[in-house]
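Asker: This is the structure I have questions about; it appears just below.
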Amino acid sequence: MSAIESVMQEHRVFNPPESFVRQAAIPGMDAYRALCAEAERDYEGFWASRARDLLHWNKPFTKVLDESNAPFYKWFEDGELNASYNCLDRNLQNGNADKTAIVFEADDGTATRVSYRDLHAKVCRFANGLKALGIKKGDRVVIYMPMSVEGVVAMQACARLGATHSVVFGGFSAKSLQERLVDVGAVALITADEQMRGGKALPLKAIADDALALGGCEAVKNVIVYRRTGGKVNWVEGRDRWMEDVSAGQPDTCEAVPVSAEHPLFVLYTSGSTGKPKGVQHSTGGYLLWALMTMQWTFDIKPDDLFWCTADIGWVTGHTYIAYGPLAAGATQIIFEGVPTYPNAGRFWDMIARHKVSIFYTAPTAIRSLIKAAEADEKIHPKQYDLSSLRLLGTVGEPINPEAWMWYYKNIGNERCPIVDTFWQTETGGHMITPLPGATPLVPGSCTLPLPGIMAAIVDETGHDVPNGSGGILVVKRPWPAMIRTIWGDPERFKKSYFPEELGGKLYLAGDGSIRDKETGYFTIMGRIDDVLNVSGHRMGTMEIESALVANPIVAEAAVVGRPDDTTGEAICAFVVLKRARPSDAEAQQIATELRNWVAKEIGPIAKPKDIRFGDNLPKTRSGKIMRRLLRSLAKGEEITQDTSTLENPAILDQLKQAQ
C-alpha cells in the first residue's frame with residue numbers, strides 16, 4: 001500500500017491539568033519515557049516483574065515468553081493462576097469485602113449495589129451449581145445475556161472452574177448464536193428470559209431456543225435461564241433450568257481451579273469484516289495482567305473512583321473493562337442495562353450526576369448521537385446536569401472526530417478532564433495506543449502514543465517502516481502478553497489474518513491505516529485498511545473525510561465509503577445525518593452542494609463526495625458500530641446480503657438508497 005495521504009492538520013494541544021499530574025500513576029512524560037526505556041532495555045523482565053507483582057499465582061512461572069512456535073506466542077506458560085480468584089478473593093483478603101463492586105442501574109432507573117463479598121458469594125454459588133451439572137475445566141460455555149450483575153457472575157463462575165466462556169451479544173440473531181455455539185463446541189448455554197432495553201422487553205430465551213433448533217448444538221446439555229422480566233418462555237424439561245435454581249442451596253465458597261497462564265479464559269467472536277465469524281482466543285495470565293495494568297495506567301484508577309464503561313459484556317470492551325479489569329483493580333463500577341436515549345437522551349448525564357461517576361468511558365458514536373440530541377433540546381443538554389464529579393473521560397471503538405472530541409472535552413469534561421482516546425481491538429485484549437491522562441499532551445482525534453511495552457509502528461506493504469508524516473499500515477513488532485493466541489479451531493486463518501507473509505510473518509497486522517505526526521510521533525488512526533479510498537490515484541482515509549463533514553455545524557454524523565467509478569477509479573459516497581430533520585428533493589440537493597464545497601475547502605477538491613445521502617441516522621450494530629459493509633453495498637446499489645440482525649434501525653436502509 002502506498003502512503004496514505006493525510007490531508008488534515010490538527011494543531012490544538014491540551015496539556016494534562018497540573019492537579020491530575022500530581023496524583024497520576026504515570027506523572028508526566030519523563031515517567032512515560034522511563035517506562036518505555038525499561039521495556040526496550042529488558043522486554044521480558046519488564047513484563048515478568050509486573051506479572052509477579054500484580055497477580056496472585058498458585059504456581060509461580062519461571063518462563064516468561066516462548067517464541068519457539070511464532071506467531072503462536074506463549075507467556076508465563078508454566079505458571080498457574082485463576083482469574084476469578086484474582087478478581088474476587090483478593091478483594092476479600094485486602095479489606096475490600098464490604099466495598100461496593102457493582103452499582104447496577106436497570107433500564108427503569110432502579111439501582112442496586114453489590115459488595116465484593118456479595119459478588120464473591122453469588123459467583124461461588126453459581127460455580128458450584130455449574131459443577132453439579134458436570135461443567136468442568138476446559139468445557140466451553142456460551143453466555144447470551146443482557147447487561148446485568150448476573151452476566152458478570154456467569155463469566156466469573158466459568159473462570160472460577162476453568163471453563164472457557166464465549167459471550168454472544170444479546171442483539172445477535174438465532175443464526176449468529178447457533179454458528180457460535182457450534183464453532184466453539186459449547187456444552188451449556190446461559191441466557192435470560194428477556195432483556196429490557198428502552199422500556200421494551202426483548203426476547204432472549206426464544207432466540208436461544210430457535211438457535212438450538214437450527215441443529216449442530218447436540219453437545220449443549222444445559223440451558224440455564226436468568227429470570228429477568230418473568231415473561232413467558234417455552235421450557236424443555238431436563239434441559240432448561242432457572243439460574244436461581246442452579247445456585248439454590250449451594251455453598252457460598254467454591255475453590256478456584258488453578259489453570260495454566262495459557263489456558264483459554266474466553267473465546268470472543270468478532271464479526272470480522274468478511275463472512276464467517278472469527279473466534280478470538282484469549283489467555284488467562286497475560287490477558288488479566290494487561291486488563292489490570294491498563295486500569296492503572298490508562299484510567300489511573302484510584303480506590304475512591306466510580307468507574308463507568310458503557311460497553312456491553314458481549315464485546316471485548318465489556319470483558320476487559322467491566323467483567324475483569326475493574327474487579328481485578330478492586331474498583332467500584334456502574335453496570336447499565338439500558339440505552340443512552342431512554343427515557344430521554346440525557347440519561348448518561350443524569351446517571352453521571354446522580355451516581356457521581358468519576359471516570360466515564362464510552363464510544364464516539366454515542367457521543368455524536370448525544371450531541372445531536374443535546375443541540376435539538378436544551379432540557380437534556382449536558383450543561384443542565386452537575387458533571388463536576390468527573391475527572392477523566394475516555395473513548396473506545398473507533399477513532400473520534402476532532403469536533404466530537406472538542407464537544408466532549410468542553411461540555412462533558414468542562415475543559416478540565418483529560419480524554420483517553422484508546423486504540424485497541426478484540427484481538428489485542430486491552431489498550432494499545434492511548435494518551436496517559438497524567439502525562440500525554442492531548443491532540444483532538446489522535447490516540448497519541450503506544451503504551452510502554454507496546455512496540456507499535458507504521459510500515460508499507462512490504463513491512464518496511466515509513467517515515468513520520470507518511471501514512472501506512474499499523475503493526476506491532478513484538479508480542480505482548482494480552483494478545484490473541486489463535487482463532488479458535490483455525491490456526492491457519494490466524495496466521496493469514498494477523499501475521500501475513502507479505503509483511504514477513506513476524507509483524508502483528510492491526511488492519512488499520514495510520515500516520516505518525518512528523519514532530520510528536522503521535523499516531524492518528526485513519527480507518528480500516530479496507531476503508532482507504534483511491535480517488536484518481538490519491539489515497540485517502542475515510543476518517544479524514546468524515547471528520548471534515550462532521551466539522552460542519554449542521555452535520556451530526558457522517559460515514560464515508562467508496563464505490564467503483566469509471567472516471568476516478570473510486571468515487572466517494574457520504575452518508576450524512578443532519579442536526580435537523582432529514583431534507584428531501586431540492587433542499588437535499590442544495591445541502592449536498594454546500595457540503596461538497598465545505599469538504600473541498602477543508603481538505604481539497606479531490607475529497608469532494610460524489611454521492612451524498614441523507615438519513616435520520618446511520619445503520620449501526622447494537623453496540624453502536626457503523627455497519628460500513630452495509631453502506632458499501634448501498635453505495636454500489638447491490639442487494640443487501642449481510643446479516644442485519646444486529647441492526648438497530650432497519651427502516652433507514654430505504655432512505656439511504658437515494659443519492660444527491
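Glycine is treated like the rest: Cβ placed from N, Cα and C.
What Swiss-Prot records for this protein is below:
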BINDING   Arg197, Gly198, Gly199, Lys200, Thr317, Ser536  CoA binding site
BINDING   Gly397, Glu398, Pro399, Asp421, Thr422, Phe423, Trp424, Gln425, Thr426, Asp512, Arg528, Arg539  ATP binding site
BINDING   Val550, Val555  Mg(2+) binding site
MOD_RES   Lys625  N6-acetyllysine
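Each of the listed features needs to be described in terms of its position in the shown structure.
Answerer: Long-range neighbours of Ser536 (CoA binding site) (same chain, six or more residues apart, CB within less than 8 Å of its CB): Thr568, Gly569, Ile606.
Classification of Gly397 (ATP binding site) by DSSP places it in coil, neither helical nor stranded.
Contacts of Val550 (Mg(2+) binding site) defined by a Cβ separation under 8 A and a same-chain sequence distance of 6+ are given as Arg368, Asn401, Glu403, Ala404, Ala556, Glu557, Ala558, in order along the sequence. Secondary structure at Val550 (Mg(2+) binding site), as computed by DSSP, is helix.
Taking a C-beta cut-off of under 8 Å and a sequence gap of six or more, Lys625 (N6-acetyllysine) has these contacts in its own chain: Ala363, Thr365, Gly397, Glu398.
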Asker: Please give the CoA site's span as the largest CA-CA distance among Arg197, Gly198, Gly199, Lys200, Thr317, Ser536, to the nearest whole angstrom.
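Answerer: About 49 Å separates the two most distant Cα atoms.
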Asker: Going along the chain, which residues six or more apart from Arg197 (CoA binding site) have their CB under 8 A from its CB?
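Answerer: When sequence neighbours closer than 6 are ignored, Arg197 (CoA binding site) has Asp107, Pro146, Glu337, Gly338, Val339, Tyr342 within Cβ distance under 8 Å.
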Asker: Consider the binding-site residues Thr317, Pro399, Thr422, Trp424, Arg528 and say which one has the Cα lying nearest the Cα of Val555 (Mg(2+) binding site).
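Answerer: For Val555 (Mg(2+) binding site), the spatially nearest of the binding-site residues is Pro399.
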Asker: If you count the other Cβ atoms within 10 Å of each Cβ, which of the binding-site residues Gly198, Gly199, Pro399 comes out on top?
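Answerer: Counting every other Cβ within 10 Å of each candidate, the maximum falls on Pro399.
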Asker: Looking only at DSSP and grouping its letters into three states, which state does Val555 (Mg(2+) binding site) belong to?
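Answerer: The residue in question, Val555 (Mg(2+) binding site), is strand (DSSP, three-state).
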Asker: At the level of the C-alpha atoms, what whole-angstrom distance separates Gly198 (CoA binding site) and Thr426 (ATP binding site)?
Answerer: 27
